[in-house]
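Structure first, then comments.
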Amino acid sequence: MLSSQPLLHAGVFALTVLQALASNTFTAAVYEHAVILPAPTYKPVSPSDALALMNKNMDVLEGAIKEAAQQGAHIIVTPEDGIYGWQFTRQSIYPYLEDIPAPEVNWIPCTEPSRFGPAPVQERLSCMARNNSIYVVANIGDKKSCNSSDPDCPSDGRYQYNTDVVFDPEGKLVARYHKYNLFMVETQFNYPKEPEIVTFETPFGKFGIFTCFDILFHEPAVVLVDKMQVDTVLFPTAWMNVLPFLTAVEFHSAWAMGMRVNFLAANTHKTSLAMTGSGIYAPDGARTYSYNMESEDGRLLIAKLDAHPRLSPASPPAVNWSSYALSVERFSQNDHEFTGFIFHDQFTFTELTKPEGNLTVCQKQLCCHLSYKMAGKRDDEVYVLGAFDGLHVVEGQYYLQICTLLKCKSTDLSTCGQPVEVAQTEFEMFSLSGTFGTNYVFPEVLCSGVQLAPGEFEALNDGRLISKTKLTKPVVTVTLFGRWYEKD
């Protein structure tokens with residue numbers, strides 16, 4: 001005879017599935033976690049000390065997971081490095097790693113904790129999902145033994161991977177992803193021999209997953225959307241904000257719009273490293289987001305999304321990002337172009353000297369066209385139109401084409417491109433376009449105070465990024481951020 005507890009859980013799980021199936025929407029949650037870090041050390045701590053630290057972080061995550069479930073969330077994403085942090089060497093991280101099997105083994109760690117050896121972290125995450133009837137997404141470390149028969153086997157006899165795991169509402173492991181594009185400081189990890197394209201089906205759409213720095217590359221990020229046709233991307237990250245284009249909330253929102261998918265981004269929170277910025281993003285803009293450099297508190301975000309955004313009436317049309325720009329002549333022959341650097345890349349700039357007008361600036365094959373009208377031209381703020389067409393070579397090599405309207409740090413033109421968070425100038429309208437050689441372009445609008453402007457702009461199918469109405473906040477940047485993957 002079955003006990004009442006499994007029957008109760010099965011009933012709750014079945015009800016959750018039926019509720020999701022009955023609707024074309026679902027409720028998503030992300031949690032930005034202020035990670036409790038271990039003391040820096042070059043020597044490995046004991047397994048018990050490592051587990052104690054991870055349990056402290058999982059105590060916090062469990063509270064967020066319970067709250068999300070109580071508010072009706074079907075899935076929650078937690079951050080990269082959210083269980084043990086990042087202050088490790090290859091040797092010192094080892095006690096924090098577990099052997100994570102492939103999802104095909106059909107395993108519920110909560111009910112079979114010892115099936116694949118000691119796995120206390122996976123057991124606890126599985127139980128969090130099972131006890132709250134919610135999908136739980138977490139980032140942990142995987143270890144895989146190897147030997148001399150493998151010519152790539154590291155000298156210490158093991159592979160170590162930065163790994164995302166997903167447990168379904170029964171607590172079953174349904175996805176495992178090994179990060180492929182490691183950031184330059186992640187020397188404690190190996191990357192898999194081939195990029196992994198990880199998807200899984202849910203009652204509310206097809207999901208894909210990758211981690212942090214992966215977003216800037218074709219594999220696995222673009223493949224998941226274009227080839228695998230996922231509806232929603234899960235994105236644990238430890239994102240260090242870099243103005244003016246690579247703050248978490250603006251770039252992640254822009255990626256969701258450019259790729260026309262839902263995007264659930266959960267960031268770690270560490271203001272001393274400029275780590276903040278999490279959100280739940282849809283193709284038509286941010287549903288909810290948070291950017292907080294004022295405190296060290298974690299933050300739970302919850303929002304409703306369309307299960308199949310491409311089929312939604314609110315989904316924006318597919319965009320030909322060069323159509324309009326290639327059809328028009330240069331707006332102006334400007335004799336006052338100058339160069340400046342943004343994040344080590346040399347841009348060509350031209351100043352917006354009038355309160356309204358039409359401007360063009362070009363670099364190599366890229367010409368950027370801007371029409372604009374300011375609510376009022378201020379003497380204490382300078383804006384420029386900029387273009388960059390080239391290979392970015394810092395912390396990785398990737399080819400960019402960028403058109404941007406941005407505020408300079410001061411009235412000194414040599415400050416154009418330096419980080420700016422606050423502006424006073426309001427724009428009645430803008431229209432930005434470019435002669436892009438790629439159709440992978442991500443539209444960004446960042447307002448004063450590192451705030452987004454959801455619903456106040458749109459990308460037309462001819463490639464123009466336009467304001468719908470006068471923006472309610474002063475503008476810091478308006479950007480079309482293009483990635484030409486074939487030229488990496």
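Every residue gets a Cβ built from N, Cα and C, even glycine.
Keep in mind that this is a model prediction, so the values were computed, not measured.
These features come from TrEMBL:
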- Glu80: active site, proton acceptor (ACT_SITE)
- Lys179: active site, proton donor (ACT_SITE)
- Cys212: active site, nucleophile (ACT_SITE)
- 35-307: domain 'CN hydrolase' (DOMAIN)
- 1-22: signal peptide (SIGNAL)
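Here the features listed in TrEMBL are painted onto the structure.
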residue : record                       : CB count, 10 Å
Glu80   : active site, proton acceptor : 25
Lys179  : active site, proton donor    : 26
Cys212  : active site, nucleophile     : 25
>> Rounded to a whole angstrom, what is the C-alpha distance between Lys179 (active site, proton donor) and the residue listed as 'active site, nucleophile'?
In response: 9
> In Å, rounded, how far does the Cα of the residue listed as 'active site, nucleophile' sit from the Cα of the residue listed as 'active site, proton acceptor'?
Replying inline: 8
> What is the average pLDDT across the domain 'CN hydrolase' (35-307)?
Replying inline: 97
